[in-house]
Amino acid sequence: MTPLSHIRNFSIVAHIDHGKSTLADRLIQSTNTVADRDMKEQMLDSMDIERERGITIKAQTVRINYTAQNGEEYVLNLIDTPGHVDFAYEVSRSMRAVEGSLLVVDSTQGVEAQTLANVYHAIDADHEIVPVLNKIDLPASDCDRVAEQIEDVIGIDASGAIQVSAKTGQGIMETLESIVQNLPAPKGDRDAPLKAMLVDSWYDSYLGVIVLVRIMDGVLKKGDRIRMLSNNSTHNVDRIGVFRPEMTAIDELGPGEIGFLTASIKQVRDTRVGDTITHEKKGTEVALPGFKPSQPVVFCGLFPVDSSEFEELRDSIEKLALNDASFSYEMETSAALGFGFRCGFLGLLHLEVIRDRIEREYDIELITTAPSVIYHVYMKDGAMIELHNPADMPDLTLVDHLEEPRIKATILVPDDYLGDVLKLCQDRRGIQQDLTYAGSRAMVVYDLPLNEVVFDFYDRLKSVTKGYASFDYAMIGYRTDNLVKMSILVNDEPVDALSIMVHRERAEGRGRAMVEKLKDLIPRHMFKIPIQAAIGGKVIARETLSAMRKDVTAKCYGGDATRKRKLLDKQKAGKKKMRQFGKVDIPQEAFISALKMDG
């Protein structure tokens, strides 16, 4: 049993690509936690997609034994948190499970928007923060400038910042020593009733759900009956252990320690991140503060390209949901796309990760409909409906008003591109809240509708700033606006997968852009096809895709004009009939391209 004074719990805060996982690898390697022959890049990122995209999605943990310079043995528990904005709730929970953070900043690039967001999570959790300047082996490294920036932008003292190169291993020992010297030891009472925070959970096909816990008070032993405070479910603990990084069984976990338990739990949905775990008898009734069930923010439809793969898609979605409590799904049918699922996600990265995993791990080709957000529709009879799919919009004559979700977006951008960024935010109905400068970079804060950000805002931001801007957002609530549902009709048939909610003032421009794109993307048929954008019954934009023409008069030589006329009239009647009964095939890329906004 390690005394509390010799435990240090910490996390690493960094923007994507600033070297967080590499630093974690070096800390593990230099303390011989993992033998050199077992070492691999991004040791803690277990999903292939985490390694491939170079991001951390689930919180991972490792226990490191370190002998300090004063000769004493310390136990260091590292929780490697996700850095991306979609997983902000996971970050805030992981932060509450530890007492300190290493703030890793790339000394060639400086502070980025996600660094800021995660540092604020750390400050909210009352962390002691140790700044670490990484990548000092690169010629473009400028530690003084970046240290100054940390002080200006974040407001913490960076005079004692540790300079490291996670790649070469320089400065790693100083980092370990600094963790022991500067970060506080955890507090906790061994004799109090058990109070443990559920930091993360994932599904294992042999053990059921594995739960990552941080013990606040009391002791957790193998064989204990435990209870979750959020839903009062009880379970029997059949295994307890720690990660070194592989799972290692131990007998008990005491205050301040971070480890895992298994209790034959069948579904990840029963173990909610941030929940409080206690003993069934003589447990605590006071939950740890800050728990909230995760709510999906972005919705979209997932349909198999080949409709015979629907059952495989259902299996894959059910398996992914086992491991991801923030992912929700329900069955949906679409006239254009057949059977599929309407899924809810935390944000766009979360959507992409799930879609990539289905395509890669289960080999199913998918059609993704336009992402949409949750609108609040207030009816004239006083009822309020949550609208997840624009195709389900009730009749406008019954609707009193609509509210849409707004976000507070923080964008860090070099001065040279500021004008383009302001124009982009203005174009997306943004309201400027703040503009400050730190050195040669500007920090802009905008109030934006989530609907305008959800599809391709991030791509557009990256392209107008040549990839230099960084972006982070937080939800701020709902506001009324003049929104309407725009439908797209192809050959007079509405295509439900292309329905979108737009601001009334922008509907015409957006509709015109979409029908022009569809005209280029839909292949020509034997009959002419009108493509229209409509609000209610009013058509606001139209393009006509002309028919392919067969020369029916080719075999008439000279002679009588009435013969040609007769053949042409017959062709005309045939085309009219075809148009009435013909089915228009819309290719998959037409769905995605039509929804991408240019400009």
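The count begins at 1 with the first shown residue.
Glycine is treated like the rest: Cβ placed from N, Cα and C.
Residues or ranges marked as domain 'tr-type G' by Swiss-Prot: 5-187.
Secondary structure from DSSP puts Asn134 (GTP binding site) in a beta strand. The GTP binding site annotation in Swiss-Prot covers Asp17, His18, Gly19, Lys20, Ser21, Thr22, Asn134, Lys135, Ile136, Asp137.
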> Relative to the Cβ of Ile136 (GTP binding site), which residues of the same chain, six or more apart in sequence, are found under 8 Å away?
Replying inline: Ser107, Cys143, Gln163, Val164, Ser165, Gln170, Gly171
> What residue among the binding-site residues Ser21, Asn134 has the most other CB atoms lying within 10 A of its CB?
Replying inline: Asn134
> DSSP three-state call for Ser21 (GTP binding site): helix, strand or coil?
Replying inline: helix
